[in-house]
Amino acid sequence: MNCELKRLQQSILKFSHFGKSENGGVTRLTLTQPDVDARTQLIQMMEEINLRVSIDDLGNIYGTYEGKEDLPPIILGSHGDSVEKGGNFDGILGILGAYEVVKVLHENQIRLRHPIVVADFTNEEGVRFGPAMFCSGVLAGVYEEQKIFFTKDRKGITFQSALEQSGFNGLVENRLKDGTAYLELHIEQGPVLEALNKNIGVVEGIVGMNCLEIIVRGQSNHAGTTPMQMRKDPLMAATHLIDRLNDFLRKVDEELVFTIGQFDIFPNLHTVIPDQVKFTFDVRHKSEDIIKKAMTIVEQEINNVEEKTGCAIFRRVLWERETVIFDNSIVDSVETSTTALGYSYKRMYSGAGHDAQFLAKMMPTGMIFVPSKEGKSHCEEEYTSIDSCTNGVNVLLQTVLDLDKKLN
Ligand SMILES: [Zn+2]
């Protein structure tokens, strides 16, 4: 029993029209019209195969395929929103893959012991409303729900009123409370599987991260009249710091990744020595010890550069996440299912955050990755072949069958 490649291909194609962008990607921000259209389509598909559809007060959609026994459900899900000019696979593949699994069971008239829930979690990307993954985060008790409802988008519309306008403001009692397991199929969003020529990523967890905001303050002055040795230039200090961090952190561990994704310079005028620069410094690794080691180096280098340049350097933690380690029995089941299907695989950690990291606080959780062409994601070029998508859904199906037998 396998998933149907053609049907999966058609449903991916169908959803690629909801928010279609110029160059073949999608812009489907949370609860905007394209997201509403995609949700409506999903519910229609769920109803076609008689799933029991419910929506909670966060707009999360659940389609339940009833089981034979009175057991907590196995949940299969992901997110339907995208970033601006995102791709056709991030998130939506996990939902359509989950749907395909249930469709196959339905077609073959197979009832499992557990109910199977296909879930679409609201606002994973966090583009329209920050922070990312806030609806699964509320379910897991990570985020304060009252704050979440009053979070505003750039136009000043609150999440609460966006929910009301969309019609997807369901009932608090429909919230997902417990489950036997959570499984999320997702594109890798990185280059590793393709480079190693592996079919499947058996995901062991999500790497921890630490994101600092670093502010370097110097002294503004005239770009023409101030001799070099009399300057306190925060940009020069910042680049010196970054250069040293690049040297030292690369030696810590080859799996350590660090990024300066945001950089601002003030006042940003060509005739003025800046008085301040501000940038983010994001460090990720699966081992807390390695992250700690990296942060110690960051501290040391900040002190060194302060001393050397006379600029004041301030830092604060913007965002941190502990490494999430997925449940062994789920990871093993994904691995066994992959092997049984004859696919090659790599056990790996996710460098990106996913709803699964919060669901893991509620129930045993695992993820399945499929390769991303050239590692590209969060862009219109994002691509995963239909064969790879199908492999992923087959692993999802096998894992569900396996867990259904094993777990209570
Ligand atoms: Zn995603």
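From the backbone N, Cα and C atoms, a Cβ is placed for every residue, glycine too.
No curator has checked TrEMBL annotations; they are predicted automatically.
What TrEMBL lists as Zn(2+) 1 binding site is HIS79, ASP90, HIS186. The Cβ of HIS79 (Zn(2+) 1 binding site) lies under 8 Å from the Cβ of GLY91, ILE92, GLY94, ILE95, ASP120, PHE121, THR122, ASN123, GLU124, GLU125, ASP355, each of which sits 6+ residues away along the same chain.
Its Cβ taken as reference, GLU125 (Zn(2+) 2 binding site) is surrounded by 21 other Cβ atoms within 10 Å in the chains shown. The annotation Zn(2+) 2 binding site is assigned in TrEMBL to ASP90, GLU125, HIS378.
Feature annotation from TrEMBL assigns domain 'Peptidase M20 dimerisation' to 208-307. DSSP places the residues of the domain 'Peptidase M20 dimerisation' (208-307) in helix, strand and coil in these numbers: 39 helix, 31 strand, 30 coil.
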For the Zn(2+) 1 site built from HIS79, ASP90, HIS186, further residues of that chain with CB within 8 A of the site's CB center: SER78, PHE89, GLY91, ILE92, LEU93, GLY94, GLU124, GLU184, ILE187, HIS354
Of HIS186, HIS378 (the binding-site residues), the residue whose Cβ has the fewest other Cβ atoms within 10 Å: HIS378
For ASP90 (Zn(2+) 1 binding site), the three-state class that DSSP assigns: coil
Other same-chain residues whose Cβ falls within 8 Å of the Cβ centroid of ASP90, GLU125, HIS378, the recorded Zn(2+) 2 site, in sequence order: SER82, VAL83, GLY86, GLY87, GLY91, GLU124, VAL127, GLN189, SER377
PLDDT averaged over every residue in the domain 'Peptidase M20 dimerisation' (208-307): 96
Between HIS378 (Zn(2+) 2 binding site) and HIS186 (Zn(2+) 1 binding site): CA-CA distance (Å): 13
